[in-house]
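Notes for the one structure printed next.
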Amino acid sequence: MQPSGHRLRDVEHHPLLAENDNYDSSSSSSSEADVADRVWFIRDGCGMICAVMTWLLVAYADFVVTFVMLLPSKDFWYSVVNGVIFNCLAVLALSSHLRTMLTDPVSAGCVTGDLLVSELVSHTDHVGAVPKGNATKEYMESLQLKPGEVIYKCPKCCCIKPERAHHCSICKRCIRKMDHHCPWVNNCVGEKNQRFFVLFTMYIALSSVHALILCGLQFISCVRGQWTECSDFSPPVTVILLIFLCLEGLLFFTFTAVMFGTQIHSICNDETEIERLKSEKPTWERRLRWEGMKSVFGGPPSLLWMNPFVGFRFRRLPTRPRKGSPEFSV
């Protein structure tokens with residue numbers, strides 16, 4: 001039984017794991033520390049399809065812009081300048097997409113039994129995934145809980161939940177400061193990858209606007225001149241490719257511009273989308289406006305905020321996929 005003088009809150013009254021349950025806390029501690037040095041990836045069929053579709057749509061836009069509009073142009077500098085701008089935006093967008101998809105959003109922290117409960121939340125600010133099933137009797141006894149102290153346990157993944165953590169049914173983990181699960185990046189948007197998601201939406205929105213402007217200029221150029229001269233493709237093919245690009249640009253711009261705005265609003269108010277929808281009263285010290293932006297993007301305002309490569313380092317390959325979990329590390 002639990003030591004007297006403390007409480008474990010559990011909405012679904014899920015019992016603590018028994019000693020003979022299928023969870024090895026000692027092996028979990030070492031494996032979770034091992035995961036911290038690897039790339040995070042969610043094995044979700046829908047998410048992987050959406051992520052591949054995102055890359056294919058960006059590749060299609062780049063093909064139309066480069067080979068249908070810019071290369072056939074007689075204005076050399078017009079082609080060079082716009083080609084460099086659009087391809088830079090595309091590279092930055094896809095790099096941000098990769099960083100969002102392959103970064104552990106902080107699934108509420110790798111904690112070991114030698115941590116006091118007062119250290120639990122601060123420790124999760126710096127390390128990766130919440131270990132499943134760490135709410136064991138032995139672990140509870142090792143937390144040295146004070147009389148009347150309350151901690152929370154997730155009844156779904158049976159882990160001790162830090163403040164502001166929510167369970168993701170797709171990742172099957174508790175995610176600290178979880179905003180939402182986005183299938184287009186095949187990952188949760190959480191504490192450690194929100195900046196990359198914001199950059200992804202921003203660069204997609206900018207590249208969509210650029211593509212729409214180029215489409216408008218191309219239509220004007222073709223109408224004023226000869227359709228056979230404004231593109232290397234036949235007029236019907238050129239029109240179809242441009243129309244599809246316009247539709248894609250409008251849809252992408254609308255979606256990403258809205259997401260970018262909601263994310264900035266969320267950061268400036270230090271309130272995730274889940275917390276807003278649930279109308280959760282803040283029990284934490286809010287970091288508003290610039291303090292929230294500094295917390296997410298790191299440091300004072302600078303051009304580094306726009307760089308998705310900040311903090312990037314190559315990680316080692318996995319020796320084996322993790323069992324009983326939808327994610328694995330590379």
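Even glycines carry a Cβ here, placed using N, Cα and C.
Among the features that TrEMBL reports, transmembrane segment is placed at 48-70, 76-94, 196-220, 240-260. Positions annotated as domain 'Palmitoyltransferase DHHC' by TrEMBL: 153-279.
Residue counts for the domain 'Palmitoyltransferase DHHC' (153-279) under DSSP, split into helix (H, G, I), strand (E, B) and coil, are 71 helix, 17 strand, 39 coil.
Across the domain 'Palmitoyltransferase DHHC' (153-279), mean pLDDT in this model comes to 88.
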